[in-house]
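Some notes on the structure that comes next.
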């Protein structure tokens with residue numbers, strides 16, 4: 001089984017004690033490629049340095065809405081410079097993690113929107129897909145994407161929306177990232193939505209070190225948990241894990257412009 005983890009934060013200090021062995025364990029389980037997403041300007045260099053140690057790690061750079069207070073106007077300019085400097089590098093795969101978070105009331109929505117749009121513009125200019133954080137903000141994100149119409153589309157990370165919202169994202173050229181959330185039995189609505197999603201719209205992710213699946217509660221999430229997540233989601237969808245793995249891997253390769261192998 002060949003799997004791609006489309007959303008990790010492997011640069012986080014949580015992985016400092018055993019990052020190398022974790023990658024080896026994940027590869028042994030079939031998780032070959034992993035995308036590492038930046039969340040604020042201070043971690044971009046660390047992220048890139050880490051990705052450079054392994055040809056099957058890929059970087060995305062972005063300013064995450066949850067860290068709004070840390071971001072400065074010059075960071076958007078620096079993001080553009082990073083994307084320009086690394087243009088065409090095989091290990092630069094996307095702009096992200098970017099988006100809108102309406103769950104946390106202290107995050108100013110107008111400031112989030114301006115930051116989101118600035119980064120979508122950079123993704124468009126760089127001809128890169130966008131990896132989106134969408135929390136209780138599907139309507140404004142969809143409205144914004146309709147205005148920007150990114151040619152490369154992207155991924156809606158940790159998708160937990162409705163069937164209608166799924167259809168809107170798919171029409172806009174986005175894949176839907178699924179991970180540990182739906183493995184929990186209380187996620188009844190999400191499970192019903194997932195069961196109806198077209199296979200060609202799904203990519204798999206862990207969001208390591210966060211969003212651990214039900215099989216590994218109260219512990220650090222890891223790419224090595226992706227096969228178990230795939231098995232659980234396949235059961236919800238009524239298909240085999242092999243079929244879901246093959247589809248999600250092909251879909252991820254389509255998003256990132258990688259050769260499927």
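In case you wondered, yes, glycine gets a Cβ from its N, Cα and C as well.
Of the residues proposed, 196, 207, the one TrEMBL records at the same divalent metal cation 1 site as 7, 9, 97 is 207. If you take the C-beta of residue 97 (divalent metal cation 1 binding site) and look for same-chain residues 6 or more apart in sequence within under 8 angstroms, you find 7, 37, 38, 39, 60, 62, 64, 131, 132, 133, 157. A simple way to gauge crowding: the CB of residue 7 (divalent metal cation 1 binding site) has 27 other CB atoms within 10 angstroms, across all the protein chains here. Within the set of binding-site residues (9, 133), the lowest number of other Cβ atoms found within 10 Å of a Cβ is recorded at 9. Sitting within 8 Å of the Cβ centre of 7, 9, 97, 207, and not among those site residues for divalent metal cation 1, are the Cβ atoms of 8, 37, 131, 157, 205, 208, 210.
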